[in-house]
Each structure stands twice: as C-alpha cells, then as structure tokens.
Amino acid sequence: MKCSLRVWFLSMAFLLVFIMSLLFTYSHHSMATLPYLDSGALGGTHRVKLVPGYSGLQRLGKEGLLGRNCACSRCMGDASTSEWFDSHFDGNISPVWTRDNMNLPPDVQRWWMMLQPQFKSHNTNEVLEKLFQIVPGENPYRFRDPQQCRRCAVVGNSGNLRGSGYGQEVDSHNFIMRMNQAPTVGFEKDVGSRTTHHFMYPESAKNLPANVSFVLVPFKALDLMWIASALSTGQIRFTYAPVKSFLRVDKEKVQIYNPAFFKYIHDRWTEHHGRYPSTGMLVLFFALHVCDEVNVYGFGADSRGNWHHYWENNRYAGEFRKTGVHDADFEAHIIDMLAKASKIEVYRGN
C-alpha cells in the first residue's frame with residue numbers, strides 16, 4: 001500500500017512538472033510574438049507596446065517617441081511640446097494623389113470642384129486613369145530611412161530674399177521646393193540655384209530641367225486633363241486663361257497634389273481663413289509631411305513691411321496681405337506657431 005502511494009505521488013509530481021513546463025513554454029512563445037519591447041533594451045521598468053504611426057514606431061503614453069526616426073538634429077516625428085501642433089497634424093493623409101487614393105471622399109470632391117467651377121463636368125477617376133498611364137501615379141515618399149536626414153528648404157517668393165545671401169545655404173538641402181514663377185538665374189546668391197520640386201498650376205506652369213519634379217496643384221478636373229494633354233497631344237490651350245499646350249518636364253517626376261490634403265490644410269490649419277490656402281501654405285505643409293527637417297525662406301514681408309516678389313524692383317508691387325482668396329496675416333500666424341513648436345526654422349531675410 002505504501003509503495004502504491006509512493007508511486008502515485010511520484011506520478012503526480014512528474015505530471016505537475018510536465019504541465020508547468022508546457023505552460024512556461026507557451027507563455028514564453030506568446031510573449032515573444034507580441035508587439036512589445038523588453039524593458040532591459042530600453043533601460044526602463046515597463047514593457048512598451050508598439051503601435052503603427054506615420055513617423056515611425058511610437059511609445060504609448062507621454063514619454064514620446066521610442067527612438068529618433070531620422071538622423072537630423074531635429075526630426076518632424078520628435079516628441080512635440082505643442083498640443084496645438086499635435087491636435088492639427090495628421091500624418092495619415094498623403095500629400096500626393098496616386099492610384100491608391102484616387103477616390104476622394106464626397107465632401108472633398110464637392111469642395112474641390114467648387115474651387116474653380118467648370119461648365120462641363122468630368123469623371124475625375126476616368127481622367128486620373130488616363131493620366132496615370134502617362135505619369136507614375138505612385139507615392140515616392142512612402143518609405144523613410146531612419147538612418148538618413150531629409151532636409152528640406154521651402155523657398156517662397158518674398159522680396160525679403162533680396163540681399164539675404166541665403167543661396168548657398170538653400171542649395172545645401174536635400175529637397176529644395178519652389179513655387180510658381182520663382183526665377184533663380186540672376187538671383188543665385190540670395191535664393192540658390194538648385195531646385196528639386198517645383199509646384200505650379202496650369203496657368204503658372206513653365207518648362208523644367210529633367211532633374212526637377214513638377215508637382216501639379218490641380219483646382220479642377222480640367223487641370224488633370226491639361227497635364228495629360230501637355231505631355232502628349234497638346235490639344236488643351238486654354239482653361240480660364242491661356243496655358244502652355246506642351247510642357248517640357250520629366251514625365252517620371254510628375255506628381256499630383258492631393259485635393260484631400262489641400263482640404264485638410266484648409267480645415268485644420270488655415271481654418272477657413274480665405275477661400276483656400278495660398279500656394280506657399282500648400283508647399284510648406286507638403287514639406288512637413290514628407291521631410292525630416294524643414295527650413296523656410298522667403299515668406300512674409302520684408303524688413304520695411306512691404307509685400308512683393310524678390311524679382312520685382314517695385315517694393316509696392318505685391319500688396320496682397322489680405323484678399324478674398326488668401327489671408328496672408330493668418331498664414332503668417334500659422335508659420336509663427338510652427339516655428340514656436342520647433343517644427344520649422346524660419347529665415348526672415350531683409
């Protein structure tokens with residue numbers, strides 16, 4: 001009887017050890033597959049769960065980013081000290097209109113089509129399908145290398161660039177974004193000579209070197225039809241004004257500004273001040289969403305309070321501070337707020 005009890009107890013003990021071993025193995029395997037980081041690797045006292053985000057992997061709670069997501073001295077994804085910025089910024093909206101986001105939300109479609117209403121309506125998706133047979137229709141900014149620093153210069157057209165001597169500094173950036181006319185020849189010392197991105201609409205378009213990306217800012221379906229025509233048949237010569245029938249740009253570098261991103265800026269950032277944001281605002285927020293570091297040149301008035309373009313000799317030629325289309329004062333306020341939030345560096349010029 002004693003022998004039987006001893007055998008029974010030994011059997012139970014072996015069974016218990018076997019069950020505990022199974023439980024430990026299962027628990028260890030399950031923990032290894034969960035999206036957590038071990039506290040030892042972080043030098044902390046808690047496990048940290050990772051969640052997907054536009055700027056990289058982020059730590060839950062108030063500790064900020066788990067790690068730097070770029071190699072710049074400051075990164076767009078760095079922990080923000082500005083609740084204002086965090087409440088406005090949405091990294092999930094792509095600034096580029098592509099095959100993947102062709103279908104606009106109904107409210108965006110209605111708003112965009114009213115910017116420059118046309119007598120004849122067009123099926124936007126059909127127009128885009130034809131356009132994307134000519135230009136890539138892909139998002140070139142989808143992936144970011146955290147080991148690199150993508151420094152971007154957003155160069156406006158303000159007269160405060162005259163005599164600034166910013167040219168060499170501007171040219172040192174990875175991306176140099178300009179808009180509309182923006183001549184560089186003869187102004188290299190102040191505005192730089194390099195351009196990587198040129199933002200234009202049909203009525204302001206000009207030929208570009210092969211190494212420059214043409215970013216079309218469309219206000220209507222006809223603008224999409226125009227760029228397709230200008231890169232092929234040359235049939236469209238007029239929108240609401242004469243336009244170039246043919247355009248010499250690199251087809252592989254043509255990008256289309258996303259109307260949903262356009263409206264996001266109008267709703268979240270400029271808050272419906274003016275009918276829609278200025279081209280300068282559109283380019284600035286494009287940069288904020290694709291760059292690691294953003295430096296701003298040539299925005300606002302000059303040191304005398306005059307609003308004009310750097311290629312104009314008449315300092316009073318550009319009195320556009322507040323119109324029915326744009327509210328330059330409010331946009332200047334947004335730029336100041338972004339600078340205070342350490343999201344941009346603003347170079348005021350002369």
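Sequential numbering from 1, following the chain as shown.
Using the three backbone atoms N, Cα and C, a Cβ is placed for every residue, glycine included.
Same-chain residues at least 6 positions away in sequence with a Cβ under 8 Å from that of G300 (substrate binding site) are, in sequence order, G156, S158, N160, W307, A332, I335, R348. For Q116, N157, N180, Y240, Y276, G280, G300, H309, H326, the entry in Swiss-Prot reads substrate binding site, with the evidence type similarity to another entry.
Counted within 10 Å of its Cβ, the other Cβ atoms near C70 (disulfide bond) come to 23, all protein chains included. Per Swiss-Prot, disulfide bond is recorded for C70-C75 (among others), and the stated evidence type is similarity to another entry.
Neighbour count (other Cβ atoms within 10 Å of the Cβ, all protein chains): 17 for C149 (disulfide bond). Here Swiss-Prot flags C72-C149 (among others) as disulfide bond.
Taken from Swiss-Prot, the feature disulfide bond covers C152-C291 (among others). C291 (disulfide bond) is surrounded by 26 other CB atoms, counting those within 10 A of its CB over all protein chains shown.
Here Swiss-Prot flags N211 as N-linked glycosylation site. Note on N211 (N-linked glycosylation site): other Cβ atoms within 10 Å of its Cβ, all shown chains, come to 10.
Across the topological domain 'Cytoplasmic' (1-6), the prediction's mean pLDDT works out to 54. Summarising the annotation, Swiss-Prot assigns topological domain 'Cytoplasmic' to 1-6 and lists sequence analysis as the type of evidence.
Feature annotation from Swiss-Prot assigns topological domain 'Lumenal' to 28-350; the stated evidence is sequence analysis.
According to Swiss-Prot, the feature transmembrane segment maps to 7-27, an assignment based on sequence analysis.
Those residues noted as binding substrate (Q116, N157, N180, Y240, Y276, G280, G300, H309, H326) have their most widely separated CA atoms at a distance of 28 Å.
Cα spacing between Q116 (substrate binding site) and C291 (disulfide bond): 30 Å, rounded to the nearest whole number. Neighbour counts of Cβ atoms within 10 Å were compared for the disulfide-bonded residues C72, C75, C152, and the top value is held by C152.
Here the binding-site residues are Q116, N180, and the one ringed by the most other CB atoms within 10 angstroms is N180. A separation of roughly 25 Å, to the nearest angstrom, links the Cα atoms of H326 (substrate binding site) and C291 (disulfide bond).
Following the DSSP three-state reduction, the secondary structure of C72 (disulfide bond) is coil.
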